[in-house]
Amino acid sequence: MTFYLSGFRSFLKLWKSNPYFELGPATSSASFFLGVHCVIGNQQRWFSVKPTTPPNSKILNLLVTKARTLKKGNDSNKQASSGPHYFAAGEAKKRSHLSGNPQNQGHTLPVKSTVQLPTKPLNSEEWDKLKEDFKGKASFEDFVISQMTRSCSSVDVAKSLLAWVAAKNNGIVGYNLLVKYLYLCVFHKQTSEVIDVYEIMKAKYKSLESGGYTLLIRGLIHSDRWREALLLLEDIKKVMVPSKKNYGDCIQGALLHQDVNVAWSLYQELVGHNLIPLLETLKAFFDHGKDMNDDQYSNQLLDILLYLRNNQLYPGESFAHSIKTWFESIPGRQWKGQFTTIQKSGQCSSCGRAIESIHLSPEEYEFLKETIMRDVIDGGDQYKKTTPQELKRFERFVKSCPPFDIVIDGLNVAKMFPKGRESQNLLGIVSQLAQQNLQLLVLGRKHMLRPSSQWRKDEMEQVRKQAHCFFADNISEDDPFLLYATLNSGSHCKFITKDLLRDHKACLPDARAQRLFFKWQQGHQLAITKGFLKSKLTFQHILSYDTVVQTTGDTWHIPYDEDLVPRSSCEVPTKWLCLQRKTPAPC
């Protein structure tokens, strides 16, 4: 795609002008919203979570009442947790490294450029010489501008490239060159240059692709023409739902220019499309609200905190600081925040209050059980992992047994300790648990019953004497059986597997079911401590509290992600922000 500039204004005149070159705080290119070598296509989401209706005072009061019933009088117990739990942030990565299978082993080496990118603007002769030395098969201009975007080169250097291209092609510049130049202008916060490119595109095109819209929106929000970003958002709406980045940029532009009504209206549109807002968007609302004496705005910020709770979202460290700063700036309320941890007992190390229990209420348990049976076992993709006949056979087997205390993923557990024989590993675990008079269920595959170097017949016979056993076909997977047996045995039943059950959580239909599943999983999945074969069998401690935003009215407890501590989607933060109010809220 190309365009001619002669009908708009002289391209050479435009690019000879001295740029307004003010380097703002550099945004990491790795975290920037648009990949430098690609444009945004169809909107993609890992999962769709229907946002809860914005909470009102009644919902907040119910939450406060629930939290107050959990308060304990034992304020003297200040002993910290002696070790991380299985779902603590960063533990999955540690386990991966310990098992000799680290994630992301190595990194792809950067592609060697066949030309040395200039560090200062070049004239026509210098660009001619550089092109003569170019040995690549791709277009020289496309290759160089792509390398510039990857390196976040100076706007001046990129401008000299486009001026050279225009001079060689009678004022014609390819659309891709212009968009990548626009990327550099946005990255370096060159607002005047963004506006120049915007005027060119507006004159030549009735509509753009989504990547161009995204760049223009982010570039315009910092200028006095920020409302034109809202017009671009409307153009996107004509063909697709704007991305959460598009909405987030427009919200930040509205807040930057003091139009809070537009910002909140866009926020409601965003969640109304079942999009989860970027955390930086939510942070912008708290940053804007500092020292603001506006009850309506304050209530909307509290709604955001409850939105985090209902969707099990965790602010980053910077966002947590913004929340703390906002609370402490509320006039006349005297909120005080402290960054802290939660003890193994479930009490806050700062204020001593009890955090909500990890255990599901009877109503929550029945809801989750019915949902799992309907959407994961009966109506899910389990027949890709087993057969209807085998599932029926297992259901009859479970009904014939007493409720289990622990359900064991036999094959998974047997492979936890590579140095030991697999049947020996399994027998060691079963024997120690059987000594506690527990009702055990071992789930396995039929090949485990065939004698081999890894599966000794005498050891498997000992396993079958000490535990109920069910051996599925070799093509089957254990997870549906594990979930069925554990949930049917009651809330006391625990299970042992290294599998984090991400796929089954993803099968659940809504945010509530997914949150309850993860809460149940944290309270029921046992993780074996390494090296048990030479000592007594021990497990990592199970959390007694729920890692979720919560309030008692005069306190808030907000788990947050630490900087530089990686956390997978199946883990929870270990750091908390504790907020206490010294002055009661007005009636």
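From the backbone N, Cα and C atoms, a Cβ is placed for every residue, glycine too.
Taken from Swiss-Prot, the feature region 'Disordered' applies to 94-114.
Here Swiss-Prot flags 98-114 as compositional bias 'Polar residues'.
Residues annotated as domain 'PRORP' in Swiss-Prot: 342-578.
Marked as Zn(2+) binding site by Swiss-Prot on the basis of similarity to another entry: Cys348, Cys351, His557, Cys578. There are 17 other CB atoms within 10 A of the CB of Cys351 (Zn(2+) binding site), with all protein chains counted.
DSSP gives Asp409 (Mg(2+) 1 binding site) a strand state. Cβ neighbour count for Asp409 (Mg(2+) 1 binding site) (all protein chains, 10 Å cutoff from its Cβ): 22. Annotation source Swiss-Prot lists Mg(2+) 1 binding site at Asp409, Asp478, citing similarity to another entry.
Every protein chain considered, the tally of other Cβ atoms within 10 Å of the Cβ of Asp499 (Mg(2+) 2 binding site) stands at 15. According to Swiss-Prot, the Mg(2+) 2 binding site annotation covers Asp479, Asp499.
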In three-state DSSP terms, the structure that Asp479 (Mg(2+) 2 binding site) belongs to: helix
Assigned element (helix, strand, coil) containing His557 (Zn(2+) binding site), judged by DSSP: strand
Structural state of Cys578 (Zn(2+) binding site), classified by DSSP into three states: strand
CB within-chain contacts under 8 A for His557 (Zn(2+) binding site), separation at least 6: Cys348, Arg353, Ile355, Val549, Gln550, Thr551, Trp576, Leu577, Cys578, Leu579
Whole-number Å value for how far Asp499 (Mg(2+) 2 binding site) lies from Asp409 (Mg(2+) 1 binding site) (Cα to Cα): 9
